[in-house]
Amino acid sequence: MAEACRIILNTTFLPSLHSLHKTHKKVSYSQPFLHKRHPAIQCSISTSSDTKAAAKVSETVPWGCDIDSLENAEALQKWLSDSGLPPQKMAIQKVEVGERGLVALKNIRKGEMLLFVPPSLVIAADSEWSCPEAGEVLKQYSVPDWPLLATYLISEASFEKSSRWSNYISALPRQPYSLLYWTRAELDTYLEASQIRERAIERITNVTGTYNDLRLRIFSKYPHLFPEEVFNMETFKWSFGILFSRLVRLPSMDGRVALVPWADMLNHSCEVETFLDYDKSSKGVVFTTDRPYQPGEQVFISYGRKSNGELLLSYGFVPREGTNPSDSVELSLSLKKSDKCYKEKLEALKKHGLSASQCFPLQVTGWPLELMAYAYLAVSPPSMSRQFEEMAAAASNKTTTKKNITYPDIEEQALQFILDSCESSISKYTKFLQASGSMDLDVTSPKQLNRRLFLKQLAVDLCSSERRILFRAQYVLRRRLRDIRSGELRALKIFNGFRNLFR
């Protein structure tokens, strides 16, 4: 399901193109530029969540192949070998986990270095364009790496066989597994209980905003280089879907982001720790196995320590419940507007980059210190106003202040505050999971029905795993509260016993 590499997953890396508002030197030409005509692509630039529009995506983006197809795999392997990829111990095959993946052809030892993809076969911000003038325009406007690579991918795809990367692009999925392809109605229906819904909406908004910024500032000024029938919202949805699921950051190349053909066919496993990087000695992108593989076994890497929600957000899959040790769920905490100190607390939070409503990750193993600090602030009485600043600072992950603060007098109220939020969230998940069995899909097309069933199953898997973590947190919170209250009761009994002795 997920053919991708290790990627930094955070919507903040979608660069804003506000810098394009600055005055830049325009590219001038002494004569009209003649370049290969881009093939006409019937794509809508509408950002509507209309189901029919979403269903047409695979028909309107002509390049690529079905996500489980091997039709172009042999051509890709031959092209890579002819272009400098050394003989491999793996081959692209259909697999149970990930649709397509790299499978061992020979015995592979633990600790063995594999791949050796040379830099010449890596797509990065400095890659040569089939249309050099288009690349020059984007560089003149200082377009950041992400939108630059998204535009580059579309440009190269539109040149078909004339592009050096045609064999690679033809083997990419025509419609990547990505929440970018979920309509707003589907997000609202299937992810209503999960905070990933908000992350998905934010990501879709960022992609749409990035495209609109490019279109307004650059594409409309150079229509001969960026024709709208090629560079539109649907093709950018495709290119960003590819980047989210396949772009890697290579630590040994100063954090350079790149697409690495062949390597991006490796699927993720929660049971491995190895990831891609550039090896200076062999001068290639490699990974070192942390377990042996027999011929016929699928070879895995790690996309990073990500929650099930994060894996769904970028890669479009959810690991089996209980198999991801890095799984977490975001719990939302909010100040009460009825709080007498609401304004003072909000001011303290804003000073440290927080808001009146904040999300914190819960794991089966516990929760961050910042969450407890936020809860202390939320329940603190007016008499503790001098501590508001300290609590807000400790609740922020942007400061280096002491996090492990304790206020024994209000610890019970803080834990109860977290428990109430936790149980409210559990209620939402339970409501969705109970209703999912009888959910009316209302789809007449068999193909669309299969898609909806698939999306619903992903949502059920995600919500089940996130609710499991909330149940664990609920148990721990209740036990802690019981211990506090039992201790208070024992203390009261001892106090009353002493008081009776002296009567």
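Glycine is treated like the rest: Cβ placed from N, Cα and C.
Please treat TrEMBL annotations as automatic predictions, because they have not gone through curation.
What TrEMBL records for Arg246, Asn267, His268 is S-adenosyl-L-methionine binding site. Positions annotated as substrate binding site by TrEMBL: Arg246, Asp264, Tyr278, Tyr303, Tyr315. Annotation source TrEMBL lists domain 'SET' at 88-304.
The CA atom of Tyr278 (substrate binding site) is located 16 Å away from the CA atom of Arg246 (S-adenosyl-L-methionine binding site). Put simply, His268 (S-adenosyl-L-methionine binding site) is 6 Å from Tyr303 (substrate binding site) when counted between their Cα atoms. Its own atom aside, the Cβ of Asp264 (substrate binding site) has 24 Cβ atoms within 10 angstroms in the protein chains shown.
Sorted by the number of other CB atoms within 10 A, the binding-site residues Tyr278, Tyr303 start with Tyr278, the lowest.
Within 10 Å of the C-beta of His268 (S-adenosyl-L-methionine binding site) we count 27 further C-beta atoms, all protein chains included. Of the recorded residues, Tyr315 (substrate binding site) and Arg246 (S-adenosyl-L-methionine binding site) place their C-alpha atoms 9 Å from one another. Taking the Cα atom of each, Arg246 (S-adenosyl-L-methionine binding site) and Asp264 (substrate binding site) are about 6 angstrom apart.
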